[in-house]
């Protein structure tokens, strides 16, 4: 217990990331797969941010929220994929404790922030469909700015206590993390003290955030359905919600499956890690594609920039 992992904040402590357990024999193929997804993610989300910044007609609330979503996706995937590629291609598996905890903070705070943005998008769709004449008044720039601030503050309030619980644990056991990034449950298992409080806090707050956001999103769509049913061309009004529904399913379904697969233990460690990696990389890659294909304004702006 006197080794460097007794004091995880010391400069001499570090962790070793396995990558994807039992798939260490095919690092080149895995690297190509995740590198390709990373390039598509950077290009897609970067292009969305460029067209929103250049085209003044895309300054409405929905596109501001879309810009926030693209920024979150870029931060989240960049905090994970470059290190994964160094594991697969350069065999650079070691990560310092400070870098590990920073990666953990970025990944989990961004997932919380993305859920908040999806909730804000649901509010935007509710106002656009149910109160179209008051859309610009209810969702002005100051309202969107307050929404963004609330999303960031909530993510910090969730992550700061969790980081305090995880970093205070004494890491005097094996330093081998059976994951391709510093996922907090995988790191906490290495502690020589009881990681139960941090795991309980993480599961409870994650379930609360996701449960609350999903309930509010479902409520907004219930009010949208109530408002459009019985009117002429209800599908035209509902079609404006299609992009948000697709992105929401891409985010929540794999996320919930990934979290509870780790807790339930029904899947092998390899499958759990693969599911977690795909949860972080696949939605960030597909989100801009979904919006580019289904939103005429974004599609026209992208073609104009290109």
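Going from the start of the chain as shown, residues are counted 1 onward.
Glycine is treated like the rest: Cβ placed from N, Cα and C.
Keep in mind that TrEMBL annotations are predicted by a computer and have not been checked by a curator.
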In TrEMBL, which of 144-166, 167-189 is labelled transmembrane segment?
144-166
Do the transmembrane segment (144-166) and the transmembrane segment (273-291) come close, with at least three CB pairs under 8 A (pairs 6 or more apart in sequence)?
no
Could you give the mean pLDDT over the domain 'G-protein coupled receptors family 1 profile' (44-291), rounded to a whole number?
87
